[in-house]
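I have placed the structure first, in the form of structure tokens, so that the comments after it can refer back to it.
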């Protein structure tokens, strides 16, 4: 490799090369995209279609359900919002389940549960029956939300982890768009059949997903935790950018799992922590400074993603457009399809920027744009509310701001929440830590979607969006001060960024100085040799 170097140069290279391979130089050299890991990430992330479809389809179906079953606004709010609370059961159980039966079979379980929920909702004869179906579907959604980003992060190489781990959000948006299209397609049917077809048709993708996922490999990190080093090595060889990176990733995972580096048998004995025991203590009762910082960031980013009002816009967009002055059913549904299309297009743009630009710049610019759009939307809706005559400019402004808001959300806040929270937790705490983030996400979403109708009746619809703008502004400050950049680092290397809270920048500079001074004998000599 060092063609014109003398033996002294070779001696200089012999020490650092085995220890410092891709972890330091990976971000500099952009390798070709690994098609196998791309296929794995795509298949795992497709489970997120289930949540997206449910969100999108319910935004229109609730109008027809209210007409057919003659239920009140409160019952509509409960029907729409409680799925997020029901999903807590799934996300809470998914961490332990995935440590027990593996990431892959947990994805299969998510699809199977959602299938049963969709069938129950499609055949519901009354409100109570419908709510039972919502509960079952909610559990499936909770499983899918937690496991898809964890599996994708664990199987992806560092060079493309941001791109691949954003896939769940891509498929959530694709599902929302499919739900909106389903609303429009079945809206022509008789009322009592239309909403049943809208909800029941969601069973079809869940069957397909559960079957396809069986062809995927298991997560290499889960395999190492089970002592199956031979199987993990095979998966890493296929999902890494090079043989050297595969070896480095295996070495890092073994260290994180407490397996000695000289232990290279295909199957080794691993000290079993009975699937979650001790993990909750490390997370909540006796966390280290770095784990406490990680937990605050992981929970905070999930809370602010939902508290800034995205589900209120997506779930109630027909009502928002009605308040803005669009009165025909077709007009409202078509405007809603435009929302879904905008979300999907901009999330696709975001996937290609995550590993090029980084998490922080995208997140901060995204949230800044959301603050501006929410404030302007609140102004437009307030003007419409206060005026006795139709204001075409305010209607156009409000519709434009809804589309701009979902565009800004989708280019940063939407995908980065799932990418960031799935990559920052240490291996041992990852499943439970991620499930806590998902739980907070679903509780916040449930509260927002359940109370939005009551909120805008209490403080006006314009006032509610001013409130969301204030929350988004607080989120921007939190992200700016507390969240370090993780782009280009291996999962095992990310923990060193945390522990200093708002002083993480100075801690990172100290760490970089130590690395430079530690490398003086190797890399700098290599660079200055003539």
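Positions of Cβ are set from backbone N, Cα and C atoms, glycine also.
All annotation found in TrEMBL is predicted automatically rather than curated by experts.
Just so it is clear, the model here is predicted, and its values are computed rather than measured.
As recorded in TrEMBL, the features of this protein are as follows:
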COMPBIAS  1-15  compositional bias 'Polar residues'
REGION    1-26  region 'Disordered'
TRANSMEM  36-56  transmembrane segment
DOMAIN    40-487  domain 'Major facilitator superfamily (MFS) profile'
TRANSMEM  107-129  transmembrane segment
TRANSMEM  135-151  transmembrane segment
TRANSMEM  163-181  transmembrane segment
TRANSMEM  193-216  transmembrane segment
TRANSMEM  333-354  transmembrane segment
TRANSMEM  361-381  transmembrane segment
TRANSMEM  393-418  transmembrane segment
TRANSMEM  439-459  transmembrane segment
TRANSMEM  465-483  transmembrane segment
**Asked** Taking 3+ C-beta pairs under 8 angstroms (sequence gap of 6 or more) as contact, is the transmembrane segment (107-129) in contact with the transmembrane segment (439-459)?
**Response** no
**Request:** Spell out yes or no: are there three or more C-beta pairs under 8 angstroms between the transmembrane segment (163-181) and the transmembrane segment (393-418), with each pair 6 or more apart in sequence?
**Result:** yes
**Complete:** If one takes Cβ-Cβ under 8 Å and requires six or more residues beyond its ends, the residues near the transmembrane segment (393-418) are 149, 165-166, 168-170, 172-173, 301-302, 304-305, 308, 310, 313-314, 317, 320-321, 324-326, 335, 338-339, 342-347, 349-351, 353-354, 359, 362-367, 369-370, 373-374, 376-377, 379-381, 383-384, 387, 441
**Item:** Listed stretch, out of 36-56, 193-216, 333-354, 361-381, that has the most CB pairs under 8 angstroms to the transmembrane segment (135-151)
**Value:** 36-56
**Message:** Averaging the per-residue pLDDT over the domain 'Major facilitator superfamily (MFS) profile' (40-487), what integer do you get?
**Reply:** 85
**Prompt:** Are the transmembrane segment (361-381) and the transmembrane segment (193-216) close enough that 3 or more Cβ pairs fall under 8 Å, when only pairs 6 or more apart in sequence count?
**Reply:** no
**Item:** Residue numbers, six or more beyond the limits of the transmembrane segment (36-56), whose CB comes under 8 Å of its CB atoms
**Value:** 83, 87, 103, 107, 110-111, 114, 137, 140-141, 144-145, 147-149, 151-152, 155-157, 160, 164-165, 167-180, 182-183, 202, 205-206, 209, 212-213, 215-217, 238-239, 311, 314-315, 340
